[in-house]
């Protein structure tokens with residue numbers, strides 16, 4: 001042993017069991033940060049792929065340029081792919097809208113279009129079509145079709161292939177022809193062409209765009225940016241992206257602080273247990289500076305063991321998330337490599353590991369260096385002497401053990417601030433990360449039980465769905481549920497509030513009434529009374545109350561009924577001026593209007609239903625109605641929601657782990673630091689029950705103070721993050737997070753009570769003399 005610092009190595013070698021807690025805390029902190037940054041990396045990749053799918057993978061679009069300018073762009077050193085694209089006005093074919101798009105093969109790829117069968121069009125008389133059009137019209141590859149192009153007249157095209165499906169077309173019962181750029185130019189219409197550009201990786205897009213603008217001599221109005229994609233890449237300069245980076249910095253800082261508190265508590269326990277050791281070092285001539293250096297050396301040694309463990313554990317968490325995401329969203333993330341390393345996560349984990357240990361060792365190092373040689377003889381820090389001047393907590397109206405517990409909490413200001421700081425940071429972290437849950441629900445709305453796979457109606461609502469079609473659809477194999485709605489604007493008035501005017505009335509069947517239970521605010525949903533027309537449901541925005549009478553006036557007479565329930569919302573919109581949206585039963589709607597046919601018919605299919613079922617339904621639908629296939633859109637939305645939910649709840653779960661470990665460590669240090677004092681209390685006759693109540697009183701004092709401060713600061717942070725992340729993007733106003741605060745409070749109280757059980761048992765197992773001289 002060449003230096004006194006080598007004692008740290010010897011101590012670690014001979015006290016491996018004691019050091020496990022500190023190493024575990026550092027490893028957990030590193031693991032959590034590695035997992036957070038690793039999952040954030042995956043989140044950015046997912047969001048990027050989602051935006052590429054929705055808006056295309058090009059970065060900028062340039063219009064009003066000639067072929068020479070396009071050639072300059074294509075050959076620019078920073079450009080990876082580029083191509084022409086043009087979109088004339090939509091046309092009609094047999095009553096259905098057909099979009100017309102044409103472009104180079106590279107431009108098609110930049111828009112997310114790929115040929116799944118056949119070949120890409122070559123020349124002016126070839127086209128790609130969507131699979132749905134192929135099936136609906138009985139076309140086949142190689143067949144020629146005649147399309148009226150409006151002002152350009154009739155044109156004949158040969159179908160050369162089928163492109164991948166787009167939910168934006170299927171869900172709106174629309175189709176699209178995709179021509180070559182030569183083909184779309186041959187139509188001869190005056191619509192301008194756009195030149196799509198995708199830059200190479202690691203190119204500063206803003207700088208490269210400015211350079212192209214300077215070379216070509218064009219103005220900013222000629223350049224359009226793929227705003228959403230550039231924003232997630234950090235190149236868009238959007239306020240949303242800026243807000244996202246601010247949020248990341250804030251939450252990273254909070255995680256760092258939480259990690260510091262957690263590790264610092266473990267260090268403090270180690271220092272308290274070795275009071276005599278540091279006192280003996282002082283007796284042998286070690287200076288305060290040398291003691292501090294020794295404690296920091298111990299911290300570095302802990303890092304060498306804990307950081308690799310944390311990095312491995314964090315990487316395993318990330319890999320588990322990747323596997324789960326690949327299963328839930330194979331369309332977007334199916335090509336995501338299972339075994340991949342997040343460099344950002346590893347670097348962040350290493351930095352946080354060393355940084356938290358360095359910061360966490362400052363207070364314990366100072367405490368260790370302050371141990372006097374006298375402490376080497378007594379083996380105690382005599383914490384009780386520090387509190388002699390404080391009167392906080394003493395009261396004649398509560399039992400003495402509770403009074404002492406409260407008094408202990410306030411007796412040492414530094415300890416008190418550290419303890420409530422631990423609770424405060426935990427609550428603030430939880431409230432901060434909970435915003436991501438709200439964001440995930442709004443960004444990718446989950447499917448509701450009432451979501452239809454197929455919807456049949458006339459978009460103009462001039463034509464109605466024959467009621468016989470409902471019976472036909474129910475008999476088709478593979479159909480799970482069929483439900484219908486009738487819609488009408490009906491004049492009405494209320495007797496109590498004297499409101500009158502038009503109401504937007506929608507009919508529901510029994511199944512839809514059952515689904516409505518989740519949105520009920522007041523009253524009840526009595527299906528018998530609803531079917532009889534004795535009751536109706538209204539939305540909360542109308543300010544109508546349960547029990548009020550409403551009278552509808554139709555050509556068949558006046559119909560009086562009672563408001564039986566108030567719903568949080570009714571998911572149908574109208575442009576007409578109304579004073580309330582109303583839901584009635586199908587039977588009562590028919591009684592008032594005499595209408596038997598429906599406005600909308602929705603169908604839900606069984607899982608893994610074949611396309612033959614869909615085609616059977618399509619053939620039964622009259623040509624005057626539109627057939628909306630919503631399956632792909634629903635699946636994409638559900639996959640997106642599951643993906644975002646994994647990130648949101650994953651982050652919250654990580655914060656929960658930090659919170660639990662932080663509270664356990666905080667209470668452990670609090671109880672351990674007073675073991676000698678509790679030994680004295682037992683020596684003068686205190687029972688185990690009194691000690692338990694004393695410790696719980698102290699712990700709950702920390703909880704109450706920390707929770708009050710944490711809730712105030714956390715709610716302020718929650719509002720700020722919500723407005724920056726959610727309100728600025730979805731225009732949804734912030735609401736008081738009462739339920740979240742309640743859950744946090746109950747959870748923290750439960751964790752605190754549980755966390756003192758183990759140290760209390762340890763105290764009770766120690767003999768009185770051992771407890772008094774515990775740090776020996």
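Positions of Cβ are set from backbone N, Cα and C atoms, glycine also.
Record features (TrEMBL):
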- 21-40: transmembrane segment (TRANSMEM)
- 23-214: domain 'MacB-like periplasmic core' (DOMAIN)
- 244-272: transmembrane segment (TRANSMEM)
- 250-373: domain 'ABC3 transporter permease C-terminal' (DOMAIN)
- 299-325: transmembrane segment (TRANSMEM)
- 337-359: transmembrane segment (TRANSMEM)
- 416-437: transmembrane segment (TRANSMEM)
- 640-664: transmembrane segment (TRANSMEM)
- 651-767: domain 'ABC3 transporter permease C-terminal' (DOMAIN)
- 699-720: transmembrane segment (TRANSMEM)
- 740-760: transmembrane segment (TRANSMEM)
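If one looks beyond the transmembrane segment (299-325) by at least 6 residues along the same chain, the residues whose Cβ comes under 8 Å of a Cβ in the stretch are 8-9, 12, 19, 22-35, 38-39, 42, 46, 267, 333, 336-342, 345-346, 349-350, 353-354, 357-358, 360-361, 643, 646, 650. Two recorded stretches are said to be in contact when at least 3 C-beta pairs lie under 8 angstroms, sequence spacing 6 or more; the transmembrane segment (416-437) and the transmembrane segment (699-720) meet this definition. Using the rule of three or more Cβ pairs under 8 Å, pairs at least 6 apart in sequence, the transmembrane segment (740-760) is not in contact with the transmembrane segment (21-40). Listed by sequence, the residues of this chain that lie at least six past the ends of the transmembrane segment (337-359) yet keep a Cβ under 8 A from its Cβ atoms are 26, 29-31, 33-38, 40-42, 252, 255-256, 259-260, 263-264, 296, 299-300, 302-303, 306-307, 310-311, 314-315, 318-319, 322-323, 326. Under DSSP, the residues of the domain 'ABC3 transporter permease C-terminal' (250-373) split into helix, strand and coil as follows: 104 helix, 0 strand, 20 coil.
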